[in-house]
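Since the structure comes first, as structure tokens, the remarks are kept for the end.
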Amino acid sequence: MTEETQAGFVALIGEPNAGKSTLLNRMVGAKVSIVTHKVQTTRARIRGVCMAGTAQLVFVDTPGIFRPRRRLDRAMVSAAWGGAADADIVVLLIEAHRGLTEGAKAIIEALKAREGTQPVALAINKIDRVKAERLLALAEEMNAAFPFAKTFMISAEKGYGVDDLRDWLASQVPAGPWFYPEDQIADLPMRMIAAEITREKLTLRLHEELPYQLTVETERWEEKPDGSARIDQIIYVSRDGHKGIVLGKGGETIKAISTAARAEMAEFMGRPIHLFLQVKLRENWQEEAERYTEMGLDFKDGD
Ligand SMILES: Nc1nc2c(ncn2[C@@H]2O[C@H](COP(=O)(O)OP(=O)(O)OP(=O)(O)O)[C@@H](O)[C@H]2O)c(=O)[nH]1
């Protein structure tokens, strides 16, 4: 699965209301938007994954970044880029009927500060709301403001132009193995939320005691006929001695964490959850950490 597959990260940016969730839902499937509010401690949030032929596209966004009230200075811009900096491609989404707004201008300033690092495509969304003449003028105006690698005219809601955009993205990502097994893509957002919930409970419970390098992964997700779900997660620690901290005396700590995490998952997902936690040692932590960083995820704790 190496030579003939491609995979990459796509940062979808745009002002609030531009239609990012709608576009993602079109490309990835309806579960995606649910992720938005939950997974907040990660540097770049993974919003969804989709397949386009032999390519796997992983969509990330950088929340709340491009909403500057004042002018952005360069340091702020580069800090604000966070996970988007690691993306292979950036897509700027704007609204056709609003055009080149102040917010869009601020984003373009930010893009200019890092011009040349990644291809940036423009997607003019909500084309169902404007006349064709206006669109062409807007596309020209936008391309005069920034050298976009490509311009797409889409309607995320109606689905116009979305396949073209996806196919183009697929053609731009590098050759390489997929980041996620294909059969996990559909429930990936829920898996990630579940892992994030457990991690949050670990943080709350352990505070400074928390082993510096620790991750939670959802290993298995099983739908039960009664509408409940069984979730198996592994808490990875980097040193054997850390296991004891997570388990606590007589398993007390892990039990409390599990109870709290299960309750929150059940509430969030609106159904009964059976949660099974295991603590494991992951010795080759360093390489793994690099892998996650590459993916724009910040799973490290304690900083
Ligand atoms: N007419 C029209 N409306 C659209 C289109 N795409 C999205 N919308 C609407 O625009 C509004 C905002 O869409 P969202 O997808 O929530 O926007 P967003 O960029 O994710 O917004 P934030 O989560 O605030 O960043 C919703 O009411 C959508 O239904 C489109 O192509 N045409």
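For all residues, glycine too, the Cβ spot is worked out from N, Cα and C.
For 6-175, the entry in TrEMBL reads domain 'Era-type G'. Summarised as a single figure, the pLDDT of the domain 'Era-type G' (6-175) averages 80.
The annotation region 'G1' is assigned in TrEMBL to 14-21. The region 'G1' (14-21): residue composition by secondary structure is 2 helix, 1 strand, 5 coil, according to DSSP.
The region 'G2' annotation in TrEMBL covers 40-44.
TrEMBL lists 61-64 with the feature region 'G3'.
The domain 'KH type-2' feature in TrEMBL is assigned to 206-283.
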